[in-house]
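Visitor: Quick one: the structure is below, and I'll ask about it shortly.
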Amino acid sequence: MLLRLVRRSYAAVRPLSTEAATTVRSTRSGGGTSTTTSLEGSTGTGGKDTLGKRLLSLVYAKRSAVIAIRKWKEEGHPVRKYELNRIVRELRRHKRYKHALEVCEWMRVQDDIQLVSGDYAVHLDLIAKVRGMNSAEKFFEDLPDKLKVQTTCTALLHTYVQHKDTAKAESLMEKMSECGFLNCPLAYNHMLTLYISQGQLEKVPRLIEELKKNSSPDIVTYNLQLAVFASQNNVEAAEKAFVELKKAKLDPDWITFSTLTNIYIKNSLQDKAKSTLREMEKRISRKLRFAYASLISLHTNLESKDEVFRIWKEMKSLFRKLSDTEYTCMISSLLKLDEFGEAMKLYTEWESVSVTKDTRISNLLLGAYINKNEMEKAVEFHSRMVQKGISPSYTTWELLTWGYLKQKEMDKVLGFFKKAVTCVSKWDPDTKMVKEMFHVVEEQGNIQVAEQLLVTLRHAKYVNTEIYNALLRAYVNAGKMPMIVAERMKKDNVKMNEETQKLIGLTSKMTVTEVPDSVA
């Protein structure tokens, strides 16, 4: 929950890391300002050919933005700096970082284009995204001293935060302090984001106090602070921070009220939660599309079914096409509200319009069937997924494994578990699942499945002393003696412990079994 709240607040921080670059002086050689944030001026409308349209049409990363710009110039068209800046912002918005970087690099070598520090800040940020932190550091080091100013330093700090390099970020903050570059909250907000994401909450209060000495907190600062209080379930501190925010004459945004609503819901303060939720809704609009999913989730947590349906209806009227994320949010909410029929209707709608065939959405319904212990319907639904071209993922097989594990049908458990571990390049061990599987085979004395589980885990490179002990306990319950256990453990580089010795002693008095095919 804390990381989700931080990501919301951090979304407001990210564009600010190169804030100066979004209001840059621009002409071929300077003069004038522009704060346009869309490509309306550069892409044009209708069938008009523009440089912006050409650059945005370079869908594949291998295509060159520089070649497109050169061709545009050769055709006799002017290339203006303010226009290129708008194109770079739009490319960044679409996460087309490679082409955005190429545009920046082209501008840098033009004699008739004068760059300012904000342009270099954008350039540095793009280098970090495309080539990594080390390249961004090298770019910064190679800048003339006159360009190592607040904007470029903050861009480098932003890079350290994104790479979670606390030591370098703290060192840079010290240097920025010495240079007098900490007279606005932006750098502090980056550091707050880093500390919160790393769970270093003890550093937050001191940093905020330092911020207050050098500058004034902004709405992002308060939202990050509220995220911390939400994680600590501290209603009193959150309300105190909100009062302080109002006294500072800052306008709370939708994130502010979303975080407060979450705190109130967790503390069963329903009336307050409904009040802040109303305030949140007043602050969202078509431009803040991602806020609607948060609104649905909060109404779901308040068990306000009518409000959930109302918001969803509004979203469908506002947006021509809904995303997988939005369908996921709504289907999850309907399942949480025990509206399985409505969830299935919505899933069918998604199924008919989806081009992604995202298995994560299908897994929501599959998991719902399994949670209701309706395994026959779960298997039927899984077949439907496959027929519709939705490829099963690790989670799909994991869900089916758990479903049959609850029913203790170990042959089916084994089959789905094998599919789960073999469909990923590297299996992240689910110790709870492994423990439960061996608990059942021990209980049943099912040595055949126990042996096959061991083989599957060996292929997944997850074999240890406890797994061998569980295997031996299954043999004990079956009244059988396993063969060459010590040799097998040695081959798997697994050491015996006291329990292993005891179990081998118990089974040595039992009926001998054949050497399993897997180790024969």
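Yeah, the Cβs are placed from backbone N, Cα and C, and that goes for glycine too.
Worth saying up front: this structure is predicted, and the values here are computed from it rather than measured.
Here's the feature list from TrEMBL:
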COMPBIAS  22-42  compositional bias 'Low complexity'
DOMAIN    303-426  domain 'PROP1-like PPR'
REGION    21-46  region 'Disordered'
REPEAT    218-252  repeat 'PPR'
REPEAT    358-392  repeat 'PPR'
Visitor: Take the repeat 'PPR' (358-392) and count its residues per DSSP category (helix H/G/I, strand E/B, coil), listing them in that order.
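Guide: Per-class counts: 26 helix, 0 strand, 9 coil.
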Visitor: In the same chain, which residue numbers or ranges, 6 or more beyond the ends of the repeat 'PPR' (358-392), come under 8 angstroms Cβ to Cβ?
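Guide: Distant contacts of the repeat 'PPR' (358-392): 324, 327-328, 331-332, 335, 340, 343-344, 347, 350-351, 399-400, 402-404, 406-407, 419, 423.
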Visitor: On the 0 to 100 pLDDT scale, where does the domain 'PROP1-like PPR' (303-426) sit on average?
Guide: 97
